[in-house]
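A.B. asks: Pasting a structure here, questions to come.
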Amino acid sequence: MTLSLLKSLPKDAIPGVVLVGCAIVALVIANSPLGPSYEYLLKTKGVVAFGAGSIEMPLAYWIKNALMAIFFFFAGMELKRELLEGQLADLRAAALPIAGALGGMAVPAAIYLGIAGTGEFVAGWAIPSATDIAFALGVLSLLGSRVPAPLKAFLLAVAVVDDLGAILIVAFVYTSGLQVEWLGWAAGWLALLVVLNRFKVRSLGAYALLAVPLWVSMQNSGVNPTIAGVLAAAVIPLRDKEGGSPLHDAEHLLRPWVLYGVMPVFAVSAAGVSFAAGIVDVLVHPVALGAGLGLALGKPVGITLATMLAAMLLRTRPPGNVMQLVGLGLIAGIGFTMSLFIGALAFSDPALAAPVRVGVYGGSIAAAVLGLIILSMSLKRPGRAGKGRDETHPFIGPEPEYEKAKAPKFK
């Protein structure tokens with residue numbers, strides 16, 4: 001029954017369904033007699049020794065800092081591809097999604113700060129600014145061929161810029177106690193990775209071999225170690241001496257491991273929340289309200305207003321009518337794994353884990369449902385995205401060649 005259901009779904013929707021299933025499993029376990037064992041397992045410490053040194057962290061931290069570094073490595077490769085040959089390669093064409101993404105990060109953060117902008121809660125301002133690309137594209141794929149290619153391309157571009165914003169936030173905001181010596185070691189390992197790039201080395205194993213000590217150096221430097229994944233991705237060559245693409249090959253190799261391994265494991269570890277303290281208290285917590293409303297309200301408002309303003313200033317047309325932009329903005333409000341990840345970085349107090357998770361759940365689910373409803377209604381009445389398209393604009397005209405070659409994908 002379950003396998004037949006998965007086979008009937010659009011291919012892009014399957015990773016999202018898997019993540020939802022993992023989140024439900026985590027919720028059930030956390031609120032069952034197995035709840036204490038679940039918490040104990042996540043707090044169990046693991047040690048990795050290397051030479052005279054070692055790193056000891058609870059399992060939850062290994063997942064958040066080490067396993068998610070692989071996720072960021074994959075995300076970094078996708079970002080590099082889009083910047084060099086994808087929808088963000090042409091700055092003029094990318095102006096609208098860049099503006100939309102910036103609005104979609106600023107307005108949710110403002111809403112969060114307006115609700116939870118006091119005391120230690122302030123640290124969570126970036127939680128509703130993130131977008132889960134896999135989930136968002138999966139939900140959009142449920143509408144099938146009714147979604148015009150320019151709208152799908154616009155959402156992908158907005159989500160990729162969102163990813164870049166999240167990477168910068170993780171690197172510069174959630175960093176403390178910098179250790180200059182370890183930063184020096186990190187710079188050295190990165191330099192060796194650059195040498196591999198200059199010689200067009202295509203072996204992913206060679207890059208991984210140097211990425212491990214880079215991660216160790218970042219872990220000890222005070223910078224969030226997941227950034228090591230982004231730095232390693234940045235030096236994977238787009239083209240090698242024979243004209244092949246090590247970057248594309250690496251993406252293809254890692255995609256199933258990330259979508260069906262890394263992200264589900266993180267979802268199980270981060271999504272479990274116990275309601276023993278009372279569901280009402282958690283629902284009305286400022287962090288939960290700020291995160292939830294930031295995703296479900298701030299994202300569509302920010303993306304729509306910023307895109308329309310940019311279109312007016314640039315004297316061009318947006319990729320769809322206002323309702324379609326609102327619908328896409330809501331789909332981009334599915335924060336899920338990225339929002340949970342930022343929430344885990346923002347707060348060290350275990351008491352704030354439940355409000356973060358409930359806010360992200362509630363906001364993401366509301367955004368997904370409302371987005372599907374609004375898009376379903378607006379796509380029945382094609383607006384400017386369906387008539388008189390400007391053939392020169394990749395978010396209005398025909399589907400670009402590079403988009404025909406590959407369906408919009410995530411991480």
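Glycine is no exception: its Cβ is also placed from the backbone N, Cα and C atoms.
Features from TrEMBL:
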type     : residues : note
COMPBIAS : 401-411  : compositional bias 'Basic and acidic residues'
REGION   : 382-411  : region 'Disordered'
TRANSMEM : 12-30    : transmembrane segment
TRANSMEM : 59-79    : transmembrane segment
TRANSMEM : 91-115   : transmembrane segment
TRANSMEM : 121-142  : transmembrane segment
TRANSMEM : 154-176  : transmembrane segment
TRANSMEM : 182-199  : transmembrane segment
TRANSMEM : 257-280  : transmembrane segment
TRANSMEM : 286-313  : transmembrane segment
TRANSMEM : 325-347  : transmembrane segment
TRANSMEM : 359-379  : transmembrane segment
A.B. asks: Are there residues at least 6 beyond the ends of the transmembrane segment (286-313) whose Cβ is under 8 Å from a Cβ of it, and what are they?
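C.D. replies: Same-chain contacts beyond the flanks: 95-97, 99-116, 118, 121, 124, 127-129, 131, 158, 322, 325-330, 332-335, 339, 343, 347, 352, 355-356, 358-360, 362-364, 366-367, 370-371.
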A.B. asks: Between the transmembrane segment (12-30) and the transmembrane segment (121-142), do 3 or more CB pairs sit under 8 angstroms, pairs being 6 or more residues apart?
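C.D. replies: The transmembrane segment (12-30) and the transmembrane segment (121-142): touching, yes.
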A.B. asks: Need a quick answer: max count of Cβ pairs under 8 Å to the transmembrane segment (12-30), which of 59-79, 154-176, 182-199, 325-347 is it?
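C.D. replies: That would be 325-347.
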